[in-house]
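Everything below concerns the one structure shown next.
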Amino acid sequence: MQRVLTAVQMREAEKAAQEQHGMPSGLLMENAGRALAEAARSLAGPGGRFTVLCGPGNNGGDGLVAARFLLEGGARVVVSLVGDTGKLTPEAKRNLQALEGFGESPRAFEVLPEAGPGDVVVDALFGTGLKRAPEGVFADAIGTVARWRRAGAKVVAADVPSGLQSDTAEPFTPCVEADVTVAFGFVKPAHELEPGASLCGDVRRVDIGLGGESTRAVSGAELFRVEEKDARDALPKRRADSHKGTYGHVLVVAGSPGKTGAAAMVALAALRSGAGLVTVATRAEALPWVMAHSPEIMGVALPGEGPLGKGDLEALKAALEGKDALVMGPGIPRGPETGALIGDLLASMEVPAVLDADALNAVAEDLKVLRQAKGPVLLTPHPGEMARLWGRTTKDVQAHRVGVALNMATSLNVTVVLKGSRTLIAEAGGRVYINPTGNAGMATGGTGDVLSGVCGALLAQGIPLPRAARTAVYAHGLAGDLMAQQRGLMGLIATDLLVGLGHVWTRWER
Ligand SMILES: NC(=O)C1=CN([C@@H]2O[C@H](COP(=O)(O)OP(=O)(O)OC[C@H]3O[C@@H](n4cnc5c(N)ncnc54)[C@H](O)[C@@H]3O)[C@@H](O)[C@H]2O)[C@@H](O)CC1
Ligand SMILES: Nc1ncnc2c1ncn2[C@@H]1O[C@H](COP(=O)(O)OP(=O)(O)O)[C@@H](O)[C@H]1O
Ligand SMILES: [K+]
């Protein structure tokens, strides 16, 4: 799986490559600049000119190297050093001399020729070393890049679009918007998390000689990007001599009048994700409607009426007998005792439990109930539900997605799936995984219910947490991506994902 590194971790990896593996730092910059030049060339039209904007740090050094390679290839190149050239790093200074040796001297930014269609602008102003909002000449340069892009020039960013904060993926104003971003050595949060990811355009990670071993020296939180191979490899093989008992029985506690579709979608998603059997437990008045959605769904009626509460504990314990996973929450009738009921239920069972939707809102009233859990627990909040769990606003959650997901996972000793664009999977051990699949077409009612069903099915088949969650989230997003090709982002609805899951499994079973 791909490691995602913060700016500090990048510096640690660079140090390790130099000190432990004898990698000269000049060579890292040389490799970075060469890859940058190649990306720039791939974007140019016939006869297009390259404008390379270099900042005062090592990012600028990468730009100077790229300019040299472009010149060597016979291209028309103009270079500008923006800011105080007296502050250049020693490595950048050497590359400035080398460039001058090729007969090209940087020009003042203000006198650069305009760029337009066919031309390429190389943004090497700031990379991981950006500390504050760009001002003065830097802001002017970023504004000019935007104007040239509007005029039709392509923009390739060295490492990170300038103005974008590498660790948080939050842009300052102003910030470069790139067509291509060349990520040196490792991808960074800015490439993988929104809103940064959208500002990067197409991200091309290139090796620059840091070596995979260099991450051993890296401290702090461990961030990864989920890869398709990791997700696919988790799936159990369906053996020829297997039977429905081999693949687990999921209990779904979901649905109420007006929300019977939620329960049906959880159940159908579990069935479409390989579960041997699926039973829905819900109030008697809702049960026939849930079951009518599909003859494969089994059901048990929960006696009593109204919100789920402590009085439902025995019936739920009975329903859980012989089950391999629990999914609870979508569309349940919630009341003052629902959170306590969930706590007691989790204390009485050892199979994995997925809590979603109103089960999350119920436990938000007293998170302590989750500490009673005997078995592994997966929480799948969307940002609004996470805000309730965490006692802050949705905006706060979105501004600190990685930290919030990790804190919740660690403090409650659970796995957390924080949904939304670039869904995060955080495990109690300190690792956070970023999911690259999914699209804005999935912003439609019921897609979350489908996800909780997929999670339940994979857990019932014996895939442990957090891997089951990673695989489910990846597959669910990929199902959305494949179905968006048929329905469009506008037309995609949650039940399309049930079809899409079929496409995912077909692709993975090959
Ligand atoms: N870490 C690595 O392994 C490698 C890093 N390389 C490059 O080095 C970059 C990091 O280099 P640096 O640490 O020198 O950082 P940068 O080049 O990103 O920028 C840092 C410089 O800009 C100044 N600065 C920051 N924010 C500013 C603002 N808003 N206005 C004005 N000045 C500002 C800083 O004081 C410093 O002088 C990476 O992004 C990458 O492009 C590559 O050369 C290859 C190897
Ligand atoms: N813009 C988006 N990009 C990627 N995935 C998205 C986007 N919007 C929604 N999704 C995904 O769709 C699902 C929505 O879940 P949720 O909000 O719980 O919906 P519901 O409660 O209607 O079932 C999540 O898996 C989420 O990650
Ligand atoms: K840059």
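Keep in mind that glycine also has a Cβ here, set from the backbone N, Cα and C atoms.
Same-site candidate for AMP binding, as annotated by TrEMBL with Lys419, Gly420, Ser421, Arg422, Thr423, chosen from Gly391, Gly446, Gly448, Gly453: Gly448. Among the candidates Asn58, Asn59, the residue that TrEMBL annotates alongside Asp123, Ser162 as binding K(+) is Asn59.
With respect to their backbone Cα atoms, Asn59 (K(+) binding site) and Thr128 ((6S)-NADPHX binding site) stand 8 Å from each other. According to DSSP, Asp123 (K(+) binding site) is assigned to a strand segment. Cα distances from His382 ((6S)-NADPHX binding site) to the binding-site residues Asp123, Lys419, Ser421, Arg422, Gly448 are smallest for Lys419. Proximity of the binding-site residues Asn59, Asp123, Ser162, His382, Lys419, Arg422 to ligand 3, judged by a Cβ distance under 6 angstroms to any of its atoms, singles out Asn59, Asp123, Ser162 in sequence order. Spacing of Arg422 (AMP binding site) relative to Lys131 ((6S)-NADPHX binding site) is 25 Å (Cα to Cα, whole number).
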